Each structure stands twice: as structure tokens, then as C-alpha cells.
């Protein structure tokens, strides 16, 4: 098959992005929504192809959970049965580690349930027929207007029509914008972006609608428009008033799994540094037993963590520091007071911090990541510095996607 033709091919594997991969004489091509062993007709465009017809289906194929699957670009793998899907997702972590020469124990994938994603970032646009609200088509800016989503919590999906009403008031003409909805203990927290400058009339109308529909808050580009209720989320026993758009783990159940792994490894550590701590997802749980130094570059997240600490008694001391750990990692000397370090960086990982940590005498480390490639790089640095990787646990926090969370626990100086 040439680089811009239609033809028949056989899918050999699933790539790291969740697409089927076929090996052709002139290279690999990637075909979304296919499975290993399937024979398909495709329309090829260079190294990508569109599925035109399924000629021979895999016995591992199943009916997708959502009517929007293959139109909506939010999910890649609803059509794959659970067992092979989970083995493949675990292998993303195993393969990344082996690519760095790291052969360690990788636990079975921890499964997560459907209907548990507590934040949805919707693409939206106002049309003559109303507001489109949903997710972009696969590799496109076209918005697929949704009526269901088996990934997201029902409390958000039940409010789609109400969200469209809010979107109608926010819309910047006919241009696209984003509207995120986060489930908190106080109700739905709405955060809009890309709506341009809101005028006074819009603000008054939005305020009235948010109150009428019993949303907890509406913000735009980080500015709070109206906040009838403080959006709260508990981390351990500490209720934290989360700032607009702050980072949260995608599902509460995955967060609990990660926290349990962190706490089990830290054990009786007296002083812990929690790096890239966010709003205190792990720091506030750790503080129930250990003194914690929480480091984060997001001032609003740190302020929220601090407010949470001030309203709860019985915690060990919690100190906070605003710091860009990419530019200014904690140096080896600064790590001397700590028995343990936890770090949960963005997808780029924590290479500079890992280089300093590798030279330290910190006894226990927990590395958390949503990117197996950068996690493997950082773990290889720590391993070279004398750390022993005890175990890596992959967690399917991003159901039916090509993304996977992982928690690695490491020790130094103890056999």
C-alpha cells in the first residue's frame, strides 16, 4: 500500500498511543479503534490510517460502553476486552522500565471503575441550534455533542443540559471555549476558559443562573465570578477549599489507592518532604503521622493546603514552601533533615530533582507519575544513585485511554 491509498492490512499490535499498528514494507502505520490480529480496510495518509471496514474481527473485541465511541476522541480502547486491555496497559510501564535497563517487579494493574472521573473538561461552542458541549472528535477540532459518558461521574453527566445553559451565557460568539466541571463535596465547581472578556450583563446573568442551578462556583480564567459555596475536598481528615482549576487526581478511588501505597511505604518516617505537593493530596494524609514539608510552585494550591491545615487539629507539623522544583530542586544538603521523600511531578517528570535525590541519604522515596517514560528515566537516575526499587504499581486511573498512573517505592541503605 502506498502512502496515500486504500487497502487491506493486518493489525499486529497496539501502540503506546492506543492505536492499532500494522507493519508494512515502507514502515509502520497506526489505525485507531482496531485490535491485534484484525484484518481491516483502511484509507492511509502517510503513517496514519482511518478504519474503513472491519473484515476479520478479533475474539478480544467487545461492544463499546458508549454510543459516542469512535466519534468522540476521549476514549481509545472501549472495544477491547478487560483482560487483554489491562495486560497491555501494565506493559506500558514494564516496557518503559526495560527501555531504561530497569528490571524490577511490576505489580498487576490496579483496575478503576467506570463512572468515577470527577472532572470533565468539555469543549463547547454556541450554534444557531444551541450549545454544543462534549469532547473533540479523534484528532480533530470538531466538537461531538454528548449525552452520556461512561468514564465520568453521574453527578456531572446528569447536569449536561444545565452546563449548556451556562455555556450559552459564556459563549464568545460562535467561537470554541472550554468548560470544566469538577465534582466536590459542595457540588459542581465550574471553570471556564477561552470566553474572552465577560461584560457586566453576562456576569449578572451567570451569577443568577449558577445560584438557581445550585452550582458551587463558577470561575473564568481563574477569576471567581460567583461562589455560593466553597468547593471542598477532603484529603484524609482535612477539608481543603480547592482553588479554581487546581490539579486533582482524576478519580477519588485511584487517589485512595495511591495514598495507601505512599503511607504503607513511609511507615514511621519522622520527617517527610512532599514535592510537587499540589493542594495536599498526600501531604495532608502523611501529616496524620509524620511532620511534612510541602513544596509546590502553585501559590493558590499552597494557600489552599495551608487553609486546610489551620482548620484541623491533631496533625503533625506541616510547613510549606513555594518553589519551582524544575529550576530549583531541593539540593542534597537541603534533603538531610528528611527520612522520606514523595514526589508527584507533571508529565515532564522530575529529572533535576531526581539527580539531587540520588546523591542524598534519604532512606525512603515514593515516586508517582502519569507518564511511564519520564518515570522510568527518573527511577534509573535514583537506581544509579544507590536506591533499590522495591515495586512499581500501575493504576488504571485513565480508563480506556493510553495513559496510566504508576507508583514506585524505593529504599536506600537498608537490606
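A Cβ is built for glycine as well, from the same backbone N, Cα and C atoms used for every other residue.
According to Swiss-Prot, the protein carries these features:
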type	residues	note
ACT_SITE	370	active site, nucleophile
BINDING	66, 72, 75, 149	[4Fe-4S] cluster binding site
BINDING	249, 276, 296, 344	S-adenosyl-L-methionine binding site
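Residue 249 (S-adenosyl-L-methionine binding site) is 23 Å away from residue 66 ([4Fe-4S] cluster binding site) when you measure Cα to Cα. The two recorded residues residue 149 ([4Fe-4S] cluster binding site) and residue 249 (S-adenosyl-L-methionine binding site) have their Cα atoms spaced 18 Å from each other. Residue 344 (S-adenosyl-L-methionine binding site) has its Cα within 10 Å of the Cα of these recorded positions: 370, taken from 72, 75, 370. Counting neighbouring Cβ atoms within 10 Å of each of the binding-site residues (66, 75, 149), the lowest count belongs to 66. Residue 72 ([4Fe-4S] cluster binding site) falls within a strand when secondary structure is assigned with DSSP. Cα-Cα distance from residue 370 (active site, nucleophile) to residue 75 ([4Fe-4S] cluster binding site): 17 Å (rounded to the nearest whole number). Taking the Cβ of residue 344 (S-adenosyl-L-methionine binding site) as centre and 10 Å as the limit, one finds 23 other Cβ atoms among all the protein chains shown. Summarising the environment of residue 249 (S-adenosyl-L-methionine binding site), the number of other Cβ atoms within 10 Å of its Cβ, over all protein chains shown, is 23. Residue 296 (S-adenosyl-L-methionine binding site) has a Cβ environment of 24 other Cβ atoms inside 10 Å.
Ranking the recorded positions 72, 276, 370 by the number of CB atoms within 10 A of their own CB puts 276 at the top.
On a Cα basis, residue 75 ([4Fe-4S] cluster binding site) lies 18 Å away from residue 249 (S-adenosyl-L-methionine binding site).
Secondary structure from DSSP puts residue 296 (S-adenosyl-L-methionine binding site) in a beta strand. Residue 72 ([4Fe-4S] cluster binding site) sits 32 Å from residue 276 (S-adenosyl-L-methionine binding site), taking the Cα positions as reference.
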